[in-house]
Amino acid sequence: MRFLAAAIVLLVLAQSLPAEAGKCPKVCSCDGAKLTVACVGKNLTMVPPTIEEITLKLDLKNNNLQVLLRGAFVLTPYLTHLNLQRCNIIRVKEGAFRTLGRLVSLNLAFNQIDILYQESFDGLSSLKELHLDHNRIEEIQPGAFTQLGFLNLLALTHNQLVYIPNMAFQGLLNIKWLRLSHNSLNNLAPEAFAGLFTLSRLSLDNNELQFFPTQTMTRLGEVKRLDMSHNPMTYLGEESVSMAKLTHLYLNHMSLQDLSDQALSHVPLLSHLDLSHNQLRNLEPLSGPKKLGSLNLTGNPIYCNCYMRPLKQWARAGGVKLLGACAGPPHLSDEPLQTVAPLNLRCRSRAERLTDEFEEESDSTSSPPTAKPKQNSKCPANCDCDIESQHATCEGQGHTKVPRGFPAKTQLLDLRSNHFHYLPANSFPGSSQVVSLHLDLCKIHEIESGAFRG
Ligand SMILES: *[C@@H]1O[C@H](CO)[C@@H](O)[C@H](O)[C@H]1NC(C)=O
Ligand SMILES: *[C@@H]1O[C@H](CO)[C@@H](O)[C@H](O)[C@H]1NC(C)=O
């Protein structure tokens, strides 16, 4: 009898226990009305098994889950939002999310995932946002995203991708924005973005692309915004960009030294072009874009002489707003490109230049140094130093020794076409901020050790 009673008590307990505990696991806080559960920062190594089945939003950030096994969320099939940020996740096994057919948002940012397997995201047939940024992803296996037919946003920024293979994003039939910024991409296969028929925005900034991936980009017929800034490209040749619907193109903070006037000849709808912080000294009128509204040339060492006149006239005729300022010659430096008069864009004869230089020299000897404006307060003879853009140039001035005394903040030092022949040790004292140094065509045949010290 006693035994039976005890057995009944146990039975009742056993039946009521899961339901009782299911209300809210001890380490979590739950909102029964909103059907949300948060178990944040508890060093959990597994998903608490007693979370109520009807939960819609589950926040597990800052735990220690490490490996997500197949069916990890089988007990909560109604989830719409799942936050797994900073959970020390190393691996997502195939089928980990297979039961989450209602999930709309999945956040896996700030983990240590390195490979996306073929079936990592199987079953997420309603998913709209997938955050995989700040992981260590270096490989996307074919078919990783094939089941994400509703996805709008895929964030893969701050990973370690070097290469995107053909068809990597196959299956993303509703993708709008693909974010690949802050990886180490130096190569994109020609069909890397094949099948992304709905993509309207692509972020590829802060990568290692040395050339514009023309063939790959041409597949993206619907893309309107493309961010390629902060890639080490030096040149954009004819027909580099061929994108029928592109309106915004960001090519700022690259190393562009030249841009063909035909580079954008197949971008008819372009309205905003950002070329700021490159190394362009001049630019020709761009053929192709018929609706260009603004052209940003801020932070380029634009030399406002006769070679800039066609651009200026073209911009005026087409209503293109030019942003940025002249870096030289000295009498025009800091003059906004938008206001400089085409008539002032002149190339002077050598004789005129010599007289000017002579006058400038006698100017500076006759007036106290304080009378000189902010520009050129410190700059070697026969050089132009632009304090604001941090560029200094002594191109083609017949120098036989590397000039000294550049402004301490100089970042671009252009010494092309001089006659140095030989560079002794410590040729660049006080130039520790220089990131780009141009010594081409300087007839150098010997470089002493320590020439570039500092
Ligand atoms: C978290 O859990 C791991 C193992 O489960 C343990 O080694 C570690 O000390 C725990 N950290 C904290 C802060 O409790
Ligand atoms: C032009 O470029 C500069 C520097 O990158 C930036 O600060 C500015 O906002 C840009 N202007 C426009 C209108 O895009």
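Here the Cβ of each residue, glycine as well, is placed from N, Cα and C on the backbone.
A TrEMBL annotation is a machine prediction, not a hand-curated record.
Among the features that TrEMBL reports, domain 'LRRNT' is placed at 23-57, 378-412. Per TrEMBL, the feature domain 'LRRCT' maps to 300-348. The feature region 'Disordered' is assigned by TrEMBL to 355-377. Sequence annotations record features per position, and here TrEMBL assigns signal peptide to 1-21.
Confidence across the domain 'LRRNT' (23-57), taken as the mean pLDDT and rounded to a whole number, stands at 93.
Break the domain 'LRRNT' (378-412) down by DSSP state and the numbers are 0 helix, 7 strand, 28 coil.
With DSSP classes pooled into helix, strand and coil, the tally for the domain 'LRRNT' (23-57) is 0 helix, 7 strand, 28 coil.
When DSSP labels each residue, the domain 'LRRCT' (300-348) comes out as 19 helix, 7 strand, 23 coil, counted as helix, strand and coil in that order.
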